[in-house]
């Protein structure tokens, strides 16, 4: 215990310079009724958890669809809520209610921390609304047809496409700008952006985002320019464990992380979402959890968000299972990798940046960050991602 506390103190000071923050976005306060307290355990491993284990708080707040404003969407039974689509929603009323919601859930006007907007019902890029989301395209076309009853079908489709993307942009952008205005010291992102939809492939290249997806994500330039963080998802799902080899899972993760690096603004932070629970009672395998955190860190990213559902802490047994998993897997993995990020920074980056391995075409550099403390990093493969004010391969020069 003493070793952990000493190391935690060292890391807290070191991360002021190089930064690798791991946030706890799990409703583990549900476990208090069973006498289980997660905050002391998580803090032993330098995991950022809200005071009193509140789900929304000083370190992190996520706004689900029903918790921020008047989000227009279509329900499972095709029932329209708040207009159903952005074009029919009341944006002014939405922003007024959003302001109330933000002030309620983030009380401190000067609060720092990470704030995430989780809107998943529809996608702002028209052609990304496929499969079950095609209902949004259909509803948008019906609205356009009402105002253009004699227009050719191709004209209706083009108008619907343009109006959808313009309206979606207005809703997402104005909501993000409102959050930044009300809580300017916090870092803001949309969950699951960017996505890659890279579900199949037989090589590292084939698991990269396709050209069509990259072009679609490029049309979200307005989102990347306004976001102070990007928060993609690299969750491990049960189907991946049964249908993918370990190598394919590595490539899948890499493809999504590479797209986040590609679209993020230079000063934007990157906090990918990872999971510890695949379904209630089934935890992410130990080697997979270590790999997820290490892959994020090996690309010089700012940290990660650990997410869990209310169902994953919905019983005494599940709470006990999570507490054991933190002590055995999640905590040690987080602490080791945070420590190695700091150590590599000191060895290679003059303590002024994070190590990256830009020529890592085989996606193996993450393994360096799971090694034990006596491992020496080979500087010849490393380029440093420098903190503001420094530059050079090893952050050895002050910015002119």
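Keep in mind that glycine also has a Cβ here, set from the backbone N, Cα and C atoms.
Annotated features, as they stand in Swiss-Prot:
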ACT_SITE  120  active site, proton donor
DISULFID  31-319  disulfide bond
DISULFID  196-209  disulfide bond
DISULFID  344-355  disulfide bond
DISULFID  349-384  disulfide bond
DISULFID  386-395  disulfide bond
DOMAIN    340-396  domain 'EGF-like'
CARBOHYD  129  N-linked glycosylation site
CARBOHYD  166  N-linked glycosylation site
CARBOHYD  243  N-linked glycosylation site
CARBOHYD  275  N-linked glycosylation site
SIGNAL    1-19  signal peptide
Residue among recorded positions 129, 166, 275, 319, 386 with Cα closest to the Cα of residue 349 (disulfide bond): 386
Nearest of the recorded positions (166, 209, 355) to residue 275 (N-linked glycosylation site), judged by Cα-Cα distance: 209
Residue among disulfide-bonded residues 31, 384 with least C-beta crowding, 10 angstrom cut-off: 31
Cα-to-Cα gap, residue 31 (disulfide bond) vs residue 120 (active site, proton donor), nearest whole Å: 27
Residue 209 (disulfide bond), number of other Cβ atoms within 10 Å: 21
Residue among the glycosylation sites 166, 275 whose Cβ has the most other Cβ atoms within 10 Å: 275
Cβ neighbour count (within 10 Å, all chains shown) around residue 120 (active site, proton donor): 14
Count of other CB atoms lying within 10 Å of the CB belonging to residue 243 (N-linked glycosylation site): 12
Neighbour-count leader, CB within 10 A, disulfide-bonded residues: 319, 349, 395: 349
Residue 386 (disulfide bond) as reference: those recorded positions from 120, 129, 209, 243, 319, 344 with C-alpha within 10 Å of it: none
